[in-house]
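Read the structure below first, then the notes.
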Amino acid sequence: MSTVPLHNDKELLPDVKDDATAGTPTMQKRVRQRLTSRGATAAAIIIAVIWTVPTFGLLISSFRPEDNIKGNGWWNAILDRQFTLENYADVLSPGGSQSPNLLSYFVNSLAIVIPGTVFTLVLGAMAAYMFAWGRFRGKDGLFIFVFALQIVPLQMALIPLLQLFTQVLKFGEFQLLPSGTYAQLWVAHTIFGLPLAIFLLHNFIAEIPGEVIEAARVDGAGHSTIFWRIIVPLATPALASFGIFQFLWLWNDLLVALVFSGGGADVAPITQRLAEIQGSRGGEWQRLTAGAFVSIIVPLAVFFGLQRYFVRGLLAGGLKG
Amino acid sequence: MEDFADKGLQVVVGLAIFAAIIGLIMLVVDRAPKSGREKLQVAGFLAPALILLAVGLVFPALQTSYLSFTDRNGEFVGLDNFVWMFTQPEALVTLRNTLIWVVLVPLLASSIGLAYAVFIDRARGEKALKALVFMPMAISFVGAGVIWRFVYAYKGAEQDQIGLLNQILVWLGQEPKQFLLDAPENTFFLIAVMIWIQTGFAMVVLSAAIKGIPTEIVEAARLDGASAWQQFRNVTIPTIRGSLIVVITTITIGTLKVFDIVRTMTAGQYETSVVANEMYTQAFRAGEPGRGAALALVLFLMVLPVVVYNARLLRKQKEIR
């Protein structure tokens, strides 16, 4: 929703070695001494511990046998040292209707998120390109309007959009976006992601040197050639940054899923299933801990694997408004 | 397994239909007659996004605004829903809670994030220390809900505690507590989860801003004999003021719309509901779309000034640059 001056990655996540060699060593040392007094270090460590321990406790617990999880605290695992993969086997396997069956929901999450991200990126980039380089009347006004749409909380759209999907876009037996499939979720996520996608990608695409595009035009290239051959390759960093964010938002979404998925194992994403298990069997910690970890493993992998793009995207675009 | 093949097929078909639509658009705009080509190309690139936004966001938002003046049968009832919201005790609790959230979360998340960013600036292992606090950003609110419900878990005083926080109470010689059930303090335990998630965002953005402070300014302050605290107050804070405001407003917007945490941890019971959660409950659980729409509208009106302020600030910053 917001823009913060973009710094390059080095500045953002400075390499400690670089620091030590840069400038005069004594000066650096003094700076370090001043800024990292004992009290500050202690406070930083306390914050880091509070921010890490809850997740760590969940991870440890997910590997403990059911009786241990329910019988005593996870810190006892240091002493009893009993670990098992049974919780994971239990939550992932299909089993009966009582079973969490998370593998199925995990697949649903992927099936919702991948097309949802691709659609938003392609349509957003196409519109952003026209707003940046197209020539038509009312361009600026229209762009500001699309930008302003970020203000509308998606709560404002839910009720009518559900009616639209289930009642209006229905012609006799034929439903344009059939219930019980992923289609409604794809379209809903795409709609809610577009204003920010267009805004952010426009900012990037508008910075592409005009001579490049002009040269292609002179050679007789149409908009579609310019878009796919020049804009998309050059805008890849921005597309990657926004794509990662869109991917994480969709993966972590609960509200849109609750409204449009219907809730069965056919369509509902893993967040929705996890929320269900929490509501109905809140004491089944062996399932909740393992289930929670299955659900956060993908975002965590994306986060740690692509942290550089993640941070860059964050600084360029802030959070979803 | 057959099930997964089915789901995979759905995704492939979905992507194929999307690709076909985009391909068709590209084909048509390329083959257009010379005369109206530019116009057609502009339309072809913009139409998909704009149609989706109009049908999925603009029109529904208007319809929701209208719905907020109707009752459960769709009859026009004037301001009844708003009167309900501002007079009924259970609705007033929702508004009060939202107010508490929106004051505490931005304030504490930004303060802790800023303090941490300053403490670890140029420290050994800064990168890893950052990742620890930043990690919760990647976790879904649902996953965070499980993590923290486990921290808050309660067992009777005669049993072993499995929740870390209650164990700490016991170690300190206190009675274990039902953190999520006892109003009004339970709201604060939910708020802690949101702070846990948002602090990383504040920290990363502010840390980047701190690294952007010109070294000459810091040097000058130090030569003048400024203490660490004076440097922080008189140099750091004024220089990163813009980023600080962006962080606070962004977190404010996110907090106003908070839904998942409340939904999964208490479902809004025990006097913990907030506007976004109550909107969902009224519209999709209680069969009161009018009330839900009214709540969505109030949410919109609360977000509006923050976004406008943010946008104006950004424009000012751009002009300066």
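Note that Cβ sites are derived from N, Cα and C of the backbone, with glycine treated the same way.
As annotated by TrEMBL, transmembrane segment applies to B:12-30 (among others).
According to TrEMBL, the transmembrane segment annotation covers B:42-62 (among others). Only residues 6 or more beyond the boundaries of the transmembrane segment (B:42-62), in the same chain, are considered here, and those with a CB under 8 A from a CB of the stretch are 21-22, 25-26, 28-29, 300.
For B:95-310, the entry in TrEMBL reads domain 'ABC transmembrane type-1'.
Taken from TrEMBL, the feature transmembrane segment covers B:99-119 (among others).
Remote same-chain residues near the transmembrane segment (B:131-151) are listed as 113, 116, 162-165, 180, 189, 192-193, 196-201, 203-204, 258-261, 264-265 (criterion: CB distance under 8 Å, separation of at least six residues from the stretch ends). The transmembrane segment annotation in TrEMBL covers B:131-151 (among others).
Summarising the annotation, TrEMBL assigns transmembrane segment to B:188-210 (among others).
Under the heading transmembrane segment, TrEMBL lists B:240-259 (among others).
Tertiary proximity for the transmembrane segment (B:293-311) is limited to same-chain residues at least six positions away from its ends with a CB under 8 Å from its CB atoms, namely 61, 64-70, 81-82, 84-85, 94, 98, 102, 245-246, 249-250, 252-253, 256-257, 275-276, 278-279, 282-283. Marked as transmembrane segment by TrEMBL: B:293-311 (among others).
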Among B:12-30, B:99-119, B:240-259, stretch most in contact with the transmembrane segment (B:188-210) (C-beta, under 8 angstroms): B:99-119
